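Beneath this line is the structure, given in structure tokens, with notes to follow.
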Amino acid sequence: MKPLGPIPAGFRAIDGELAIGGRKASDLVAEAGGTPLFVYDGALMAARVASLRSALPARLGLHYAMKANPFAPVLRHMARLVDGFDIASGGELLLAEAAGVEPARISFAGPGKRDADLAAAIGRGVTLNLESAREAERALAIGERLGQAPRLAIRVNPDFDLKGSGMKMGGGAKPFGVDAASVPALAKRIIAAGAEWRGFHIYAGSQTLDAAAIAAMQAATIALAARLAEESGAVLPACNLGGGFGIPYFPGDLPLDLDIVGAALGEQLAALPGVLENTAFCIELGRYLVGEAGVYLTRIIDRKESHGEVFLVTDGGLHHQLAASGNFGTVVRRNYPSAIATKFGAEPEEVVSVVGCLCTPLDRLADKGGFPRAEEGDLVAVFCAGAYGASASPVNFLGHGPAAEWMVNASA
Ligand SMILES: *Cc1c(COP(=O)(O)O)cnc(C)c1O
């Protein structure tokens, strides 16, 4: 038997069935029109934001990195909860706008911004986090053509990365950001060209559960921002300190200790050098805000045995929830948290593998896990499905089509 990841807090059983946001899984499936189905609980997202607000310094702005989950009702909900949105494409700009996020609250990072993307962002007053010197020149030229000073920040490729990070995005040669050594000259250039100077964006990595590593990264980020601001000869209006807050996906993972992060950052912000005294600081989080608030529900279509092993074959799979199959940024396959939703809380009775309906051995949602006995028609829940699920899986692979998405407890 292989262990399953830890089921996030906030889920309980009603009549022996998993409840999401106080509603039974089978009722949600009936209401949404069937399986496979993602359900997102807005109350869990609001609680998560509240816990961040209480643990982190009041001065710190909280941004949502919307690539984690761009479902429109989630965006509308998050727009009410957080201070800003971080987008990474022209398409995300349209989605954020449609969700009612004011352009002044949006910043746009990401390599390979096309001229049309830059023009759309500049025309609306969105802050661009510049990824290169060439992108800066294109943004300045487009601003000139539009008769509008672009709002420009520089994304810095720091000389360090986030220890224990699942996905390293800073340190060494990277397609992201401008190498720290080249930043002061570029800052001087864009300020002299008449852009509205918006400061730095420094993102060193993602998915860390180690509070001390995040505190160390934030301290290094603030020190780097101070040094680069001095060398640029300009005060910093704003500084995005990145994110990296992880969630427990796998057996043995423990939640991030927010109090440690908050206390350390409080000390940092209380002792800022002069160039950063009036800087507006923010962090940008994706999965930490929405990941644990989502559940992926599939129905068992077939129960079969092969060479003594039991397989529960579902109507879902990696085309909706690639990460749970272990094929999205993980080296060793480990089990996500999962359960038989229609027997939630029942004791494990057998060792089975839960697989999807795709014709590939990669399509395994749970490998040799301990579950209560389940039959055709029972529902399987895969947790931690609120981020990088529907939008980060190869939905066209094998032609089964998309999963439905459903939101409960939305404020909007
Ligand atoms: C993807 C991304 C995020 C969000 O990452 P999470 O691990 O989901 O918090 C934040 N900032 C940038 C620049 C990103 O590319």
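Along the chain as shown, residues are numbered 1 onward.
Cβ coordinates are placed from backbone N, Cα and C, and glycine is handled just like the others.
All TrEMBL annotations are machine predictions without curation.
Taken verbatim from TrEMBL:
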{"type": "DOMAIN", "residues": "38-386", "note": "domain 'Orn/DAP/Arg decarboxylase 2 C-terminal'"}
{"type": "DOMAIN", "residues": "46-290", "note": "domain 'Orn/DAP/Arg decarboxylase 2 N-terminal'"}
{"type": "MOD_RES", "residues": "Lys67", "note": "N6-(pyridoxal phosphate)lysine"}
{"type": "ACT_SITE", "residues": "Cys359", "note": "active site, proton donor"}
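In this model, the domain 'Orn/DAP/Arg decarboxylase 2 N-terminal' (46-290) carries an average pLDDT of 96.
For the residue listed as 'active site, proton donor', the same-chain residues lying six or more positions away in sequence with a CB closer than 8 A to its CB are Leu398.
Listed in sequence order, Ile87, Ala88, Glu92, Gly286, Ser391, Ala392 are the same-chain residues at least 6 apart in sequence whose CB falls under 8 Å from the CB of Lys67 (N6-(pyridoxal phosphate)lysine).
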